[in-house]
Amino acid sequence: MNSHMFRYRLRVLLRDKEMVFWTILFPILLATLFSIAFANIETGGSLLPIPAAVVTPSEDSALDEVLTQVSRGDDPLLKLQRVDLSRARELLREGEVAGIILPGDPVGLEVASSGLGQSVLRSFLDQYVQAQAGITRIARENPDALPGAVRALGVVTDFTQEQVPGRAPLNLLMVFYFALLAMSSFYGGYYGLAEALDIQANLSSRGARVSLAPVHKLSGLLSSAGASLVIHFLTQLLLLAYLRIVLGVDFGTQLVLVIPTTLMGSVLSISLGAFIGSALPWGENIKNGVITAVSMIGSLLAGLMFPGLKHLVYQHAPLAAKLNPVGLLADAYYALYYFPDLERYYQNLGLLAVYALIFILGSYLFLRRRSYDSI
């Protein structure tokens, strides 16, 4: 790494007011708007009871017991009405309930619109179906382990009253904030794009001067990208501090791991921007558009506008979820927040590291092949 180029690049980037706005001021503004919009949805850090109708009669005694558990206590998850199907649909049309739970095999959910309440119901029922399938499989393959599995099911379903150590309370509003953090991280792609453009002699006057300098391309790219990484990572830390200290967003019990996760997001986004800038043959405006599309579409699929969409993508298009780096970063934050073990977190972080390595090597290979007859 060339220290002179590193210091020079730091000064250049700090003077770019447009970049500063998009990487720190815009995410802070959006987070503030989220906080204002969610103020009436959240009370004391927990979700209000979600009104739902359950169709009766029901022959699923296990589901009935679980629904009873989550609809009682001082802070229930659901506010249930047990009615027949026609009455349930009438309540749904009138907006009295968020959805209709349909006992059966499989358990069904009928909704009239998309929203936070519907997302809670869908997530809850999916969790129940998965747990029930696990119990059935264990009973068939290893009956001796059934009592322990049933006790584990009780812990899972009674999440409105008993918190598993290391797990934060269920709060789907956090999906919005995690998607926002991921989107902000991938705005670092603009920094990476600038580095790729400013090192190519045929794309900028600065690139022409850099190409004349007696500096290896890899050293020059690492020096410039290092400056971008420092600035972008610091802006992300500032955003984290604003969310935690000013807005009071709770990142759970694994806060210390949020910082390296954020660093990985900065590395990946800058390497992605550099790859787009070096590999694609189009002009600068189109390349900027590609980065914008990746960050916006990726964050949308990660739940920025509708948290239920994140769940739908994972359920119906798991490959697309694995190929969405923005979604992987948001899910890494979510795994730290909600799950007591780190298996899912490390899976996401591993995929992010692989993508970053691919983009870094790809950028270098494309830039390495560039030569100029005259500059």
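Using N, Cα and C of the backbone, Cβ positions are placed for all residues, glycine too.
Remember, predicted model here, so these are calculated numbers, not experimental data.
Feature list (source: TrEMBL):
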- 17-364: domain 'ABC-2 type transporter transmembrane' (DOMAIN)
- 20-41: transmembrane segment (TRANSMEM)
- 170-190: transmembrane segment (TRANSMEM)
- 221-243: transmembrane segment (TRANSMEM)
- 255-277: transmembrane segment (TRANSMEM)
- 289-307: transmembrane segment (TRANSMEM)
- 345-367: transmembrane segment (TRANSMEM)
Query raised in the report: Can at least 3 Cβ pairs under 8 A be found between the transmembrane segment (255-277) and the transmembrane segment (20-41), with each pair 6 or more apart in sequence?
Result: no
Under 8 Å Cβ-Cβ from the transmembrane segment (345-367), and at least six residues away from its ends along the same chain, one finds 196, 199-200, 217-218, 221, 254, 257, 261, 264-265, 267-268, 271-272, 274-275, 277-279, 322, 325, 328-329, 331-332, 335-336, 339
